[in-house]
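Now, the feature entries from TrEMBL:
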type     : residues : note
DOMAIN   : 1-438    : domain 'Major facilitator superfamily (MFS) profile'
TRANSMEM : 12-38    : transmembrane segment
TRANSMEM : 72-94    : transmembrane segment
TRANSMEM : 100-119  : transmembrane segment
REGION   : 178-199  : region 'Disordered'
COMPBIAS : 180-193  : compositional bias 'Basic and acidic residues'
TRANSMEM : 238-257  : transmembrane segment
TRANSMEM : 277-298  : transmembrane segment
TRANSMEM : 319-340  : transmembrane segment
TRANSMEM : 346-374  : transmembrane segment
TRANSMEM : 386-407  : transmembrane segment
TRANSMEM : 413-433  : transmembrane segment
Amino acid sequence: MSDFYHIRRTLYLSSLIVFIVASVGCGLSGNVWVLVVLRCIQSVGTSVTNSVGAGTVSDCWEVTERGSAFSILFLGQFFGPLIGPIIGGGITTVLGWRATFWFCAAYGAFLFCFLFVFLPETYRVEQIWDAHLFHTPEPKNPQTEAKTSLTAVSGLSGISGQPDQSRLSRLSRLSISDESNEHTQVDSTRDLEAADNVDQTQNEINLPSSLRDHQSTAEKQSVQRLNPFQSITMLKHVFVLLVAIQTGVCFGTMFTVETIIPDLYESTYGLKSWQTGLSFVGAGVGNLIGSFVSGRLSDYLLKRARRQRGGKSKAEDRLTLNAWPGGFVLVPLGVLIFGWCIHAHLTIWASMIGFAIVCFGMSQVYASGSAYLVDALPGKGASVTAAANLLRMVMACILSLIAHPVVESIGPGYLATILASLNIIGMFCFVFVKLNGQKMRQKLTFGEVY
């Protein structure tokens with residue numbers, strides 16, 4: 001919807017209204033099934049920021065700056081779920097579980113007022129933006145200006161070599177007006193309209209062919225009806241699917257660890273709810289440091305790759321060096337430390353450090369993959385992020401559902417081994433896209449532009 005109607009701000013505000021209403025309903029609910037349904041509606045209100053937020057980043061930052069912007073965006077997305085247990089645990093202990101939903105409703109109302117006042121509409125039409133980047137006006141030559149204008153007007157007529165006589169007469173009146181300044185105001189207005197048409201046509205002529213193809217595609221899409229499931233079809237593209245799989249596995253690993261921590265810490269270390277919430281501080285620090293490091297390092301490596309290629313860039317440069325140790329080493333190592341230290345009943349600090357390493361490594365992989373998807377499909381940042389988020393949440397849901405039965409049957413150490421193996425296998429999806437992504441994108445006419 002965001003890319004179809006060219007809107008961001010309206011969706012942010014609408015989603016917050018949904019979130020506020022659902023939160024109030026959860027606080028008033030007296031039935032567990034009503035609570036479950038309202039929680040699902042509440043998640044609908046929060047999910048918009050994940051996809052539309054990526055679109056806003058693509059609107060406001062250039063390709064070489066998006067890594068740092070994504071690090072700030074992901075800082076909120078990852079840091080929130082980690083400090084949530086700390087705040088929620090304290091509120092629940094003191095005021096009860098219903099108070100957490102009243103807190104959410106108040107927080108949502110604050111965000112709505114803040115965005116309503118300070119957030120403008122950020123949507124950027126890529127074709128118009130690219131046109132300004134590629135089109136450099138040439139200095140006007142009085143001797144050749146008339147010939148150029150005549151050629152452009154001839155193109156407007158629709159008949160090769162036969163310019164429209166009425167448009168030529170207007171152009172002639174414009175030339176005479178420049179010399180003698182004796183025309184009436186009515187003729188001048190008509191002349192300006194004709195000159196604007198000439199300039200617009202000349203700008204279109206100067207656009208690269210690839211951008212004109214994208215512009216014609218956008219014009220065709222504007223007459224189509226909205227298909228709410230169209231973004232999901234982007235998963236049919238192999239490079240989108242592979243990146244979404246690995247970011248889903250990486251995020252699912254963090255989400256699974258979050259899910260099993262309360263029961264494991266209670267049964268193994270005897271922690272209460274507020275103490276368990278405080279144990280997430282280590283993971284929060286890992287996410288905080290990882291978000292800042294991943295964004296700035298990703299932008300630096302992207303610019304370096306562009307310089308080494310003589311100024312030419314491609315989207316696969318976004319799969320930068322920091323993603324490889326993050327996915328191949330840090331996430332598997334961190335989850336193994338977490339799982340086997342609890343399995344062996346070692347100190348709780350060891351498992352907290354392991355979870356922090358998982359979060360730091362996950363930030364490197366997730367930031368690179370998400371920024372790549374936005375760069376690889378210009379003008380489709382929100383849609384492709386929504387498709388990747390769908391797969392990510394499905395995988396996180398599956399992993400979290402099977403986590404407790406696996407822990408009860410074979411222990412947390414073996415669950416950690418399974419998660420580490422999935423991350424290593426998934427990183428080969430990144431390797432494949434790094435090596436073959438541009439070839440696959442060229443079939444969609446995006447490989448030559450970015």
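Glycine residues also receive a Cβ, built from the backbone N, Cα and C atoms like all the rest.
Between the transmembrane segment (386-407) and the transmembrane segment (238-257), the number of CB pairs under 8 angstroms, six or more residues apart, is three or more, so the stretches are in contact. Within the same chain, residues 44-49, 52, 98-99, 101-102, 104-105, 108-109, 111-112, 115-116, 119 sit at least 6 positions outside the transmembrane segment (12-38) and bring their C-beta atoms closer than 8 Å to a C-beta of that stretch. Note on the domain 'Major facilitator superfamily (MFS) profile' (1-438): mean pLDDT across this stretch is 77. Sequence-distant contacts of the transmembrane segment (72-94) (same chain, six or more residues past either end, CB-CB distance under 8 Å): 49-50, 53-54, 57, 100, 103, 254, 258, 262, 272-274, 276-278, 280-281, 283-284, 287-288, 291-292, 294-295, 359, 362-363, 366-367, 370. Distant neighbours of the transmembrane segment (346-374): 54-55, 57-58, 66-67, 70-71, 74, 78, 82, 240, 243-244, 246-247, 250-251, 253-254, 257, 261, 265, 268-269, 271, 279, 282-287, 289-291, 293-295, 298, 315-316, 318-320, 322-323, 325-327, 329-331, 333-339, 381, 384-385, 388, 427, 430, 433, 437; these residues of the same chain sit at least 6 beyond its ends, with a Cβ under 8 Å from one of its Cβ atoms. Residues 78, 283, 327, 331, 335, 338, 355, 358-359, 361-362, 365-366, 369-370, 372-373, 376-377, 384, 387-388, 391-396, 398-400, 403, 415, 419, 422-423, 426-427, 429-430, 432-433, 436-437, 440-441 of the same chain lie 6+ residues outside the transmembrane segment (238-257) yet bring a C-beta within less than 8 angstroms of a C-beta in it. Residues 246, 250, 253, 257, 293-294, 297-298, 301-302, 305, 350-351, 353-365, 368-369, 372, 412-417, 419-421, 423-424, 426-427, 430, 433-434, 437 of the same chain, all 6+ positions outside the transmembrane segment (319-340), place their C-beta atoms under 8 angstroms from a C-beta of that stretch.
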